[in-house]
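Among the features that TrEMBL reports, active site is placed at C76. Sequence annotations record features per position, and here TrEMBL assigns active site, proton donor to C76. Look at TrEMBL and you will find C223 tagged as active site, proton acceptor. The substrate binding site annotation in TrEMBL covers N17, Q47, N67, G77, N78, N162, N196, E214, R215, G224, S225.
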Amino acid sequence: MSGLGNRPYLKMNGIGNEIVVLDLTDGSHAVTPAEARAIAAREPFDQLMVLYPPQKAETDAFMRIFNTDGSQSGACGNGTRCVSWYFMPVAGKDRLLLQTPTSLVESRRAGQGFTVDMGPPEFEWQQIPLARDAGDTKAIDFSFGPVDAPIIQAPSVVNMGNPHAVFWVDSDPADYDLGTIGPQIEHDPLFPERVNISLAEVRSRDHIVLRVWERGAGLTRACGSAACATAVAAVRLGKTERKVRITLPGGDLLIEWRESDGHVLMTGAVELEHEGRFTADWFADAA
Ligand SMILES: N[C@H](CCC[C@H](N)C(=O)O)C(=O)O
């Protein structure tokens, strides 16, 4: 029987990115990929954020991030704001330092929402990771569609605690069939750990419109780490200033690539949808 039966959880969203928050800081259970998928079947989410006891001095919790398909991510910006909303009062703090398998993220309150310090991005092809050197990571040698008339091409690639490919488009990203394009690029052998795919339209030097196909979760209404990756890539290409508003289908995020230390700061809202409780039968097939 699963140790998750009868556990309380929160269903939240970060500008439409569907998030379940589960507090296991009592250290009594470790969620398996099969259990994550079983939760997704009953309480659909893009990411399940699980809090465990801290592993490092000065951190407030260790956090695992599961996608809909049971795979894990090292970063989730929208989910980290949701976790902050829940866990700051529990910890009695206005700042949190959270550790994931790949990153340390710090969050603090910002008006009605939260700002998350997503840390510094990485740009070496081995760090993304790519399967091979595909040229300058500001615009790699990759295209999708007919060779003589690619639909999209030359993405910027960034690791933001998780891998991102950002394709620059000249019209509304909603005009592209990302639901068809996304899964094919996600599984392209150039991306050995798969990849999150963004279509980005730069509207001005401080505004980008973005749509994201998420690795392991599919089309989502928002993706915080993709917004961070996009902002950083836009700055590297000279397309925008270091502070930019990013409009996703679910709302806006403010992103700043801070000059002093190279960290990326993401600010945005969260919403509590409802509280729930698992029952043992959810996990009958997830042993
Ligand atoms: N929604 C998340 C990112 C999920 C990334 C995940 N799909 C992966 O890298 O496997 C965010 O707000 O940053």
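Note: Cβ is positioned from N, Cα and C throughout, glycine not excepted.
Note that this is a predicted model, so its numbers are computed, not measured.
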TODO: Provide the number of Cβ atoms within 10 Å of the Cβ of S225 (substrate binding site), excluding the reference atom itself.
DONE: 33
Task: Whole-number Å value of the largest CA-CA distance among N17, Q47, N67, G77, N78, N162, N196, E214, R215, G224, S225, listed as substrate-binding - done: 16
Task: Around the Cβ of C76 (active site), the count of other Cβ atoms that are within 10 Å - done: 32
Open item on the list: Using a 10 Å radius around its CB, how many other CB atoms surround N67 (substrate binding site)?
Closed with: 24
Open item on the list: Taking only same-chain residues 6+ apart in sequence, whose CB is under 8 Å from that of N78 (substrate binding site), what do you get?
Closed with: N13, G14, I15, N17, I19, Q47, A222, C223, G224, G268, V270
Task: Residues near R215 (substrate binding site) in space but at least six apart in sequence (CB under 8 A) - done: N67, S71, S73, N162, P163, E186, R194, V195, N196
Open item on the list: Rounded to a whole angstrom, what is the C-alpha distance between S225 (substrate binding site) and C76 (active site)?
Closed with: 6
- [ ] Determine which residues of this chain, when N17, Q47, N67, G77, N78, N162, N196, E214, R215, G224, S225 are set aside, have a Cβ within 8 Å of the centroid of the substrate site's Cβ atoms, and list them as they appear in the sequence.
- [x] D46, I65, S73, A75, C76, G79, V212, A217, T220, C223, A226
